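Worksheet: the structure to be examined is printed underneath.
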Amino acid sequence: GAVASIAADAGFQGAHGNNATLYNAAAAQVVSDAEGIFSTCIATSKATMGGTIDAIDGAGQLPPGITAAFLKATANSFIDNAFVFFGGVGYQWRRSYVDLADDAAVVDHVVNSVAFQAPSAVDAATCLGSTLQGGNSCCLLWSGTKLPDNLWLGAGSKTFANGGIPAHRVGINNFGQGSLIWENNLVTNYGLSAAPSRDEQEELAIQFERKWIDYIKPIWEGEQKCPSSTTLNAVDCVTKIDFLFDDSVDDIIKDASKPEAILVITGYLVLIIYTALALCRFPCVYSRAGLGLMGIFVVALSTVAGFGLTAFFEKLNPLSTNLVPFLSLGIGVDDMYVLIQTLVLQAVDSSDPEKRMEETMAVAGPSVFLTSLTNTCAFFVAALTPIPAVTQFVIQMALTVVTNFLSLMIIFVPMMAFDAQRVADKKNDIFCCGAASEAEEEENYVSSTSGPINTCTSKALIPCMRSVVGKIVILFVFSAIFVILAVLAFTEVKNGFQISDIALRGSYQRDFVTIQETYFGGYSNSLISLNGDQDWETTSSSNPADALNCDDSSCKSFVFKQMLDSLEASDLTQGVLDLTWLLTGSTTLNGFRASSIAPPAGFNAANWADSSYGTPPAAFRSVFSAWAGTVGATSLSNLACRDWSTDTLVVCTKYEATNDVKLDAAASSIYTKNLLDDDDFIAVIKDGRKRVDAIDPNNSYMYGYVYQYWDQYVNIETNLYKIVGWALLGCFLATLIFQFSPITSILVTLVILKVIIEVYGFIYVLGIKLNAFSLVNLTMSVGLAVEFTAHVSHVFLMAKGTKNDRMASAVMEMMAPMANGFASSFLAVVALGFAKFPFFRDYYFGMFGFMIAMSFLDGMIFLPVVLSLIGPAEFSTAHTPKSGMAMQKLGSRAAVSTETTDV
């Protein structure tokens, strides 16, 4: 309590204003009192040792050449180095590294110390006794209990004895905001009438950590100059110090959540330039560059609206601020291109803007609505994932798709109507210069000018897709790509995610977590047990002997011990029974009972004195109240007590022999070991839950950093299949309802699934893993694949003629807008390739770039070939839309009249 109170003092001025002087004085008094007790302890030890030496000297029993003064000086030095005050509680013992001759001596000292402690428990008395007798020193926690080796010694795949000690870790554990013990200490130590609010406590905790960071970071920064710096002491370049605090991780998230404005601006500028070039035409009457730029503005406006709508319900997260601007732009611009392209192709109605808009919306409206609907369904279904940040992100994407669609329909479509009227009036596009009088009729213009995309499509791609050899080659190549990536997806892709994947290269956070992930396999977690139907003061058995012995499952303490025994037996945990507040040590509840309290009348004296037995329910209140007020004070952070008269949680020091306070829940530290791979983390989660659930599944559970962070990966594949499956079902139903063709709906859904599996396999190629972020991306691939499949399948259904003719018409009509959509979507994410954080480059530029490419290729080449082979027959009401007439004129030589090569 003193440490937390003193260290947090920097925050008192800002948090409490004029009371800072009072807090400073109180903090100084706390330190003075604690140091006084510590000094008294040392002085008493020196006096006792000095008296012993004098007695030996008086008896003439000192060795020859050894004086009493020399022995007293040696003993005093030993005592000064053996006891170290920190926090006013506990002590530690080890030899000073400065006193060791060289690195080999340090390694030998540590290795011998570890060997002395393993595998039996070592308490403070054993450690100090061994040291005083010239034996091994020990490595103890501040409370005097054994410290698990791989919590503080970094080994990785090495052994201490053979490979040395590559790293040494020290932990600083603090009270968090809301801790009842800390609240009690703040009130008591500083004379407050009430505890500071949670916000004030959080500010104190953050300021405490910031003080540490401000102190250590300059040291770390100085080490980065080694060995070139001549101003640093040589020793400073031998040992490298890395550090991390909770607030350090928050800093990573804050930095990652700051949108890189230059990337957003660059992405939009590149897209604006591309759109202007792609839609600019001569004569300028028929240019749509101005309309395209207004469309980008509308999409950007809808993206901002999506941000506002999401922020109305909850906070935004880093995924939102950095990714949604790019993804929304790509999806929205795709639909914009489809609308503009369809408008251009209604050239036969160029003199009647109203009819032109009717035909445009009749052709393109259903496709745009279908893709928007399926995207929205896919994103909302992806919200089923149990990962909150992912859920929030996909919900925002769903809302943004809705705002995109509404903005296009409500704002952009009227703009198209104005543009259609402009063309009818033979007025130039605002972003193009040329003579309006020179313009020929638009129908003839569209038929006689094609542009590079349509030219390549009509002269090269469609003849290939219509021929037998071309179909075989396309199906073989696309199938081979699919098979290779599917094998990688289901055999090579690993699950997991490390903090080093997101931390910025060259930062102190990344340096620390890289070493931690490489060398340290030890993590602290907790077994937590709630009372439920059984508490520590009652027994579920009617047999009085059970209540006295507490050696069966009718006793809460026995159940808790069973779980600890089971966890101790696991190969993945260590030091469980050495570190619990409950069992055998002299400072534990049962150890205190066995050694310090006489058994009440009627209790089994032998079992009472055996600390391996639980404390009987009938005696639990008296034992616990005595223990909590003395040696048990160091374990209060693992205990939660409730005052049932007010139904509020209280500090367990208020637990007395007769009152309404009861132990409501208890925890025990569980230290895991050898967790150096994501599979190790998943294994320890499954193992811990299996062991606890086998004994007390309803009231006990495992919790901690490992369980909190890696839990998502235990069922990540199941979540993937479930979310993608539901999203595909939504796509199938949506396409079925709006296209009325089961065969087409099945083929479109299968092609979307093909894209998902290919992107899944590409995860391995990129060197990343399946986790919450890649799971979102795979869900996103549903939405992007829909953009490139639904439009072309819709045109195929509505076209007339043979399947080959309908395939050619669909490809000719949709290739230009889909190619522009592909280019715009890709350009929208290219900026992410230059992001500061490698996380965004790996997970978003790489995955999205491949996702967009495969969606386009599968949708515009593979799917049309499949439709030409096994697609549905034309609708009985099928007709060639006016856009189709224009396309037939545009590509008649290759698209319609190559009957000799038809399949």
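Just so you know, glycine gets a Cβ as well, placed from its N, Cα and C.
Summarising the annotation, TrEMBL assigns domain 'SSD' to 260-418.
Beyond its flanks by at least six residues, the transmembrane segment (261-279) meets 287-289, 291-293, 295-296, 300, 325-326, 329, 333, 340, 431, 820, 823-824, 827-832, 834-835 of its own chain at Cβ-Cβ distances under 8 Å. Annotated transmembrane segment per TrEMBL: 261-279 (among others), in sequence order.
Taken from TrEMBL, the feature transmembrane segment covers 291-313 (among others). Same-chain neighbours of the transmembrane segment (291-313): 268, 271-272, 275-276, 278-279, 320, 324-325, 328-329, 332-333, 336-337, 339-340, 392, 395-396, 399-400, 402-404, 406-408, 411-412, 415-416, 419, 429, 431, counting only residues six or more beyond its ends whose CB sits under 8 Å from a CB of the stretch.
Residues annotated as transmembrane segment in TrEMBL: 325-348 (among others). Sequence-distant contacts of the transmembrane segment (325-348) (same chain, at least 6 residues past either end, Cβ-Cβ under 8 Å): 259, 264, 267-268, 271, 275, 279, 286, 288, 291-292, 295-296, 298-300, 302-303, 306, 356-357, 359-360, 363-364, 367-368, 371-372, 375, 397, 400-401, 404-405, 407-408, 412-413, 416, 419-420, 441-443, 445-447, 780, 783-784, 787, 791, 813-814, 816-818, 820-821, 824-826, 828-829, 831-832, 844, 848, 852, 882-883, 885-887.
Under the heading transmembrane segment, TrEMBL lists 360-387 (among others).
Feature annotation from TrEMBL assigns transmembrane segment to 393-418 (among others).
The feature transmembrane segment is assigned by TrEMBL to 468-490 (among others).
Among residues of the same chain six or more beyond the transmembrane segment (720-738), those with a C-beta under 8 A of the stretch's C-beta atoms are 366, 369-370, 373-374, 377-378, 381-382, 384-385, 744-746, 748-749, 752-753, 756, 770, 775, 778-779, 782, 786, 790, 793. Positions annotated as transmembrane segment by TrEMBL: 720-738 (among others).
According to TrEMBL, the feature transmembrane segment maps to 745-766 (among others). Beyond the ends of the transmembrane segment (745-766), by six or more residues, the same chain brings 481-482, 484-489, 492-493, 724, 728, 731-732, 735-736, 739, 774, 777-778, 781-782, 784-786, 789-790, 793, 842, 846-847, 850-851, 854-855, 858-859, 862-863, 866-867, 870-871 to within a C-beta distance below 8 angstroms of the stretch.
Feature annotation from TrEMBL assigns transmembrane segment to 772-797 (among others). Outside the transmembrane segment (772-797), and at least 6 residues removed from its termini, the chain residues within Cβ reach (under 8 Å) are 319, 327, 330-331, 334-335, 338, 366-367, 370-371, 374-375, 378-379, 381-382, 385, 387, 389-390, 393-394, 397, 401, 497, 712, 716, 719-720, 723-724, 727-728, 731, 735, 739, 741, 744, 747-748, 751-752, 755-756, 759-760, 763, 806-807, 809-811, 813-814, 817-818, 821-822, 825, 839, 843-844, 847-848, 851-852, 855-856, 858-860, 863-864, 867, 871-872, 874-875, 878, 884.
Beyond its flanks by at least six residues, the transmembrane segment (818-837) meets 255-256, 260, 263-264, 266-267, 270-271, 274-275, 278, 322-323, 326-327, 329-331, 333-334, 337-338, 341, 453, 502, 504, 784, 787-788, 791-792, 844-845, 848-849, 852-853, 856, 859-860 of its own chain at Cβ-Cβ distances under 8 Å. Residues or ranges marked as transmembrane segment by TrEMBL: 818-837 (among others).
Residues or ranges marked as transmembrane segment in TrEMBL: 843-870 (among others).
Cβ atoms under 8 Å from those of the transmembrane segment (360-387) belong to residues 331, 334-335, 338-339, 341-343, 346, 394-395, 397-398, 401-402, 404-405, 408, 413, 416, 712, 719, 722-723, 726-727, 730-731, 734-735, 738-739, 772, 775-776, 779, 782-783, 786-787, 790-791, 794-795, 798, 881, 883 of the same chain, restricted to positions at least 6 beyond its ends.
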